[in-house]
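**Student:** One structure, pasted below without further comment.
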Amino acid sequence: MALRFPRFSQGLAQDPTTRRIWFGIATAHDFESHDDITEERLYQNIFASHFGQLAIIFLWTSGNLFHVAWQGNFESWVQDPLHVRPIAHAIWDPHFGQPAVEAFTRGGSLGPVNIAYSGVYQWWYTIGLRTNEDLYTGALFLLFLSAISLLAGWFHLQPKWKPSVSWFKNAESRLNHHLSGLFGVSSLAWTGHLVHVAIPGSRGEYVRWNNFLEVLPHPQGLGPLFTGQWNLYAQNPDSSSHLFGTSQGAGTAVLTLLGGFHPQTQSLWLTDIAHHHLAIAFIFLVAGHMYRTNFGIGHSIKDLLDAHIPPGGRLGRGHKGLYDTINNSLHFQLGLALASLGVITSLVAQHMYSLPAYAFIAQDFTTQAALYTHHQYIAGFIMTGAFAHGAIFFIRDYNPEQNEDNVLARMLDHKEAIISHLSWASLFLGFHTLGLYVHNDVMLAFGTPEKQILIEPIFAQWIQSAHGKTSYGFDVLLSSTSGPAFNAGRNIWLPGWLNAINENSNSLFLTIGPGDFLVHHAIALGLHTTTLILVKGALDARGSKLMPDKKDFGYSFPCDGPGRGGTCDISAWDAFYLAVFWMLNTIGWVTFYWHWKHITLWQGNVSQFNESSTYLMGWLRDYLWLNSSQLINGYNPFGMNSLSVWAWMFLFGHLVWATGFMFLIFWRGYWQELIETLAWAHERTPLANLIRWRDKPVALSIVQARLVGLAHFSVGYIFTYAAFLIASTSGKFG
């Protein structure tokens, strides 16, 4: 018999129905379930695929550089970053005739182009790139790295160069190398780039391979380093009148602690950033020597974990047994990695706008909005993935004997208390927040806005004041001019920080009021409910009172027939599926809040947000409806404009989103009947019946249909909001 897809599963390959194709795609990356898999091959396959992943990333970033160099306007943007619109790439085939060509010919280009809202122009400019040649050089270098990655992946699939399982399970060596090598050395190298190339570039010096050995980054060279006079590197920083990219107002300092923002670029001081990376490098280089390997110095992680037993004896055996549990479970390791990466991605979203690191990016409002939204959605998907793999760990890898009475076992033992507390928190937040919004809605509807319940977020305002925000009048810690912390830091970093935090032209510690109080609690509701669903899915993954043998059914099962009295929708996969809807919903509220508050700040009418955000109709009318008007007007009797493409994407996003419900509401029987009718018609239609297929068409399984529905819902949801966000922001601010 000819080899059929999927090669990794003979059982599936012999399936006579279309289930073969869909189940084959669904399990292609579940290496553990493949025929003939061994632990060694599993680790080697994953290791080799990482190189392929790197190759794709390098190819993609190379493409960004290449297209901007070829079709962009980087060199003219560099001359005037605040007024020239950065071009991402040309549009090859602008449909809809001459009006489209005219609408999309912008940014000083000769033909139709797409504008870049990714921030790459600001990033490349900040790190010292200035010409198209620089961009081409970078693109070629990344292409080279991509090729090297592919070769490395192939190389490590050859029998002689396949690492052994013991190599993959050497946790101490891996941690040391990742901490010192990946984080430490790369941070040190980045500090070097900033000091040798980017900082001179910001002062009008063009440093490249041909002259970087001759241009001293600091007038005194390495002298202060070797004589211990490190403070010399911080003396004579750039002045507040410094023009970025020129020597006007420039200083000579390379490692500073100024605090606050560069007045012209509204971004963090480049010398502060270099100092930060040097400190990070030092910490990680030290951290990479913490764990004991062949050299007999440092800690054994197993010893550390086994010693972590709570004193008093009432909290069980602590971390005993965790080392082998984690080290032998790829799902546990992936869960930890995804949880960490999810948190850091969300923190990136929060910090990119509040503490912008790239020159002039703070004044590019559409880019700010796009980057915040982009990173929050990615964080959401990564975090839900962490719980998915945590649940798979409990089903496939958890060994009760090995983890007796340790923290994992105790989580399972106390799951009812954990889940019910989360449930209580979600119910409390939901009913109270909705109650306040609905009450305020009714008061406005009846023309008595003064009867709204408006709660000042005094605790959050107090925290902002403690960090130096003076407008609330709390006079506490850094907002108190007589405090010891204020006086101690006055000559170091505080002037820049206090100026920044009390200046209303940036997004640092925004002034908050009753509208913020309400939406924060709405977001808290979303976060707690998403967490509740995910935690319940993972803690009940092995079994529950309703279905004690659940782990025997695997991660995703539809149900165990009608005889068990309701075993549908309780697999760990179903919890993940439900949680993704809540995650999207929550991030919707987060991005709505961020965007509306910033639009009113940028337009100088912040009172609109303050007055309209305290009741639901305000959100619907003054945020969603008011800002979608440009989209709905993308096509009109007078032809088209540069927002037309977003108007189309807005419509298309709604279409994709709505298609999701078709899969989520109609299940197998409906589709099976429809398929059989269509197959009957096909076989009796002349010409059409010349085309035959080998696999008998059958409907998707319940779980697969849910996945397809969820995918359409998610993609449509994000497409729709992306179009709304970019069009409403760029329509106002260009």
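Cβ coordinates come from backbone N, Cα and C, glycine included.
Not my notes, these are from Swiss-Prot:
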type: TRANSMEM; residues: 46-69; note: transmembrane segment
type: TRANSMEM; residues: 135-158; note: transmembrane segment
type: TRANSMEM; residues: 175-199; note: transmembrane segment
type: TRANSMEM; residues: 273-291; note: transmembrane segment
type: TRANSMEM; residues: 330-353; note: transmembrane segment
type: TRANSMEM; residues: 369-395; note: transmembrane segment
type: TRANSMEM; residues: 417-439; note: transmembrane segment
type: TRANSMEM; residues: 517-535; note: transmembrane segment
type: BINDING; residues: Cys559, Cys568; note: [4Fe-4S] cluster binding site
type: TRANSMEM; residues: 575-596; note: transmembrane segment
type: TRANSMEM; residues: 643-665; note: transmembrane segment
type: BINDING; residues: His654; note: chlorophyll a B1 binding site
type: BINDING; residues: Met662, Tyr670; note: chlorophyll a B3 binding site
type: BINDING; residues: Trp671; note: phylloquinone binding site
type: TRANSMEM; residues: 707-727; note: transmembrane segment
**Student:** Looking at the binding-site residues listed here (Cys559, Cys568, His654, Met662), whose Cα lies nearest to that of Trp671 (phylloquinone binding site)?
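**Tutor:** Closest by Cα distance to Trp671 (phylloquinone binding site) among the binding-site residues Cys559, Cys568, His654, Met662: Met662.
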**Student:** What kind of secondary structure is Trp671 (phylloquinone binding site) part of, going by DSSP in three states?
**Tutor:** helix
**Student:** Out of 330-353, 643-665, 707-727, which stretch touches the transmembrane segment (575-596) the most, going by CB pairs under 8 Å?
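**Tutor:** The stretch I would name here is 707-727.
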**Student:** What residue among the binding-site residues Tyr670, Trp671 has the most other CB atoms lying within 10 A of its CB?
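**Tutor:** The residue with the most neighbouring Cβ atoms within 10 Å is Trp671.
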**Student:** Can you check what DSSP calls Cys568 ([4Fe-4S] cluster binding site), collapsed to helix, strand or coil?
**Tutor:** coil
**Student:** Given a 10 Å Cβ-Cβ cut-off, pick out the one of the binding-site residues Cys559, Cys568, Met662 that has the most other Cβ atoms nearby.
**Tutor:** Cys559
**Student:** Any same-chain residues 6+ apart from the residue listed as 'chlorophyll a B1 binding site' with CB under 8 Å of its CB? Would you list them in sequence order, or say none?
**Tutor:** Gly716, Thr720
**Student:** Out of 46-69, 273-291, 517-535, 643-665, 707-727, what stretch is closest in contact terms to the transmembrane segment (369-395), meaning most Cβ pairs under 8 angstroms?
**Tutor:** 707-727
**Student:** Quick check for the class: what is the C-alpha distance, in angstrom and rounded, between Cys568 ([4Fe-4S] cluster binding site) and Met662 (chlorophyll a B3 binding site)?
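**Tutor:** It is 20 Å, counting Cα to Cα.
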**Student:** Fill in the CA-CA distance, Met662 (chlorophyll a B3 binding site) to Cys559 ([4Fe-4S] cluster binding site), as an integer in Å.
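**Tutor:** Distance between the two Cα atoms comes out at 21 Å.
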